[in-house]
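To keep things clear, I will list the structure first and then write my remarks on it.
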Amino acid sequence: MREIISIHIGQAGIQVGNACWELYCLEHGIQQDGTMPSDTTVGVAHDAFNTFFSETGAGKHVPRAIFVDLEPTVIDEVRTGAYRQLFHPEQLISGKEDAANNFARGHYTVGKEIVDLCLGRVRQLADNCTGLQGFLVFNAVGGGTGSGLGSLLLERLSVDYGKKSKLGFTIYPSPQVSTAVVEPYNSVLSTHSLLEHTDVAVLLDNEAIYDICRRSLDIERPTYTNLNRLISQIISSLTTSLRFDGAINVDVTEFQTNLVPYPRIHFMLSSYAPVISAEKAYHEQLSVPEITNAVFEPSSMMAKCDPRHGKYMACCLMYRGDVVPKDVNAAVVTIKTKRTVQFVDXCPTGFKCGINYQPPSVVPGGDLAKVQRAVCMISNNTAVAEVFSRIDHKFDLMYAKRAFVHWYVGEGMEEGEFSEAREDLAXLEKXYEEVGAEGADDEVTRG
């Protein structure tokens, strides 16, 4: 088996995790208590969904996941929520005091006390796998736990499981909406780790997803639940081929191979189509070319940046539902002839496609309509640098005055780490710029 372990860190990671596991259970017909009426081979772990769920002798399906937070309130919601019987209590790890939006607390002081416990639980999950393929790590980098403890866990996973892939689903601060003054610090310090210790990181930001909910689903005031359900559709589409047997499967390591031209250039944009409410879906049949065009629209991007300002290095299109390869090829040819979608000279073809015949499921009573076919795109575009330059600019404004720095130093950080992380990001922005500007003949070396 090629098992995947999911690690959900901090409030954002846990709440996105809840939405994902709710959706996986629906897709596989797993009940809230972990039983699966349709599973005829009870206790036999050769079904495709066993990549994400382990099976007990009694036929209970347990997610291969851990949830970690430095304070208990968010995890307590899982402990008392609808899916409380799905998880083993040891998979839900919470501390007593939170990271107070401080990277240094999550990484050095409070986080240090809990990290060994987390790694012990991960080790138990890993020992239960026959061929562990890698980790999915969910966190936000604006807060203290997601950024600090998230980085610490990634660093330790690199030591313990060097060769295993690590995919991050990372929620970045939004351009306009802020939940903490020190978000730029936490993000820059955390990205410094993501650069080193993840193989692929998919960037998400709440503001972009708010706009999609408002525009496409007519939700006037989207809640985190609305956002997370949309995010979970993307993550589900990415992992469909690991959980179901499909036509053209895409493996986690294949993402890496196809999307990452240079090790550090691994921050991805994602988009999903159709995002459509039940009222509208009733009147529209969305064809493969239509949904394929939709995922290339700037307004479909799940992070606030405009792909037209950059060039694509590669993109993965994951179709699911009623889709045949012939339609996909035709749609891709049409996109290639469009002048709005530009590729860097070095990768003129740049498309990797996957098809899975399992149609998308939706949460009953949710906002998304049940559709026959959907597509999710993960793309590597140089415009992603916009996300970093925005955060770097805010970082610089605060750091020039050394504002709030004492909170970090007081928790055992050194001031040098700020400038080191900031320089690392400056180099990353430059690297993106070079890839976008590259001609066919000038070789640029990238560290």
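Cβ atoms here come from the backbone N, Cα and C positions, even for glycine.
Given the structure is predicted, the values throughout are model-derived calculations rather than measurements.
Going by Swiss-Prot, these are the annotated features:
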{"type": "BINDING", "residues": "Q11, E71, G144, T145, T179, N206, N228", "note": "GTP binding site"}
{"type": "BINDING", "residues": "E71", "note": "Mg(2+) binding site"}
{"type": "ACT_SITE", "residues": "E254", "note": "active site"}
Look at the recorded positions E71, N228, E254 and tell me which residue has the greatest number of other C-beta atoms within 10 angstroms of its C-beta.
N228
Excluding near sequence neighbours, so keeping only residues 6 or more apart in the same chain, what lies with its CB under 8 A of N206 (GTP binding site)?
I171, S174, V177, L227
Name the residues of the same chain, 6+ apart in sequence, whose Cβ is under 8 Å from the Cβ of T179 (GTP binding site)?
G142, G143, P173
Near G144 (GTP binding site), how many other Cβ atoms are within 10 Å of its Cβ?
27
Please report the number of other Cβ atoms within 10 Å of the Cβ of T145 (GTP binding site).
34
Assigned conformation of E71 (GTP binding site) - DSSP reduced to three states:
coil
How many Å separate the Cα atoms of E254 (active site) and E71 (GTP binding site)?
36
Restricting to the record's GTP-binding residues (Q11, E71, G144, T145, T179, N206, N228), give me the longest CA-CA distance in Å as a whole number.
22
How many other Cβ atoms sit within 10 Å of the Cβ of Q11 (GTP binding site)?
23
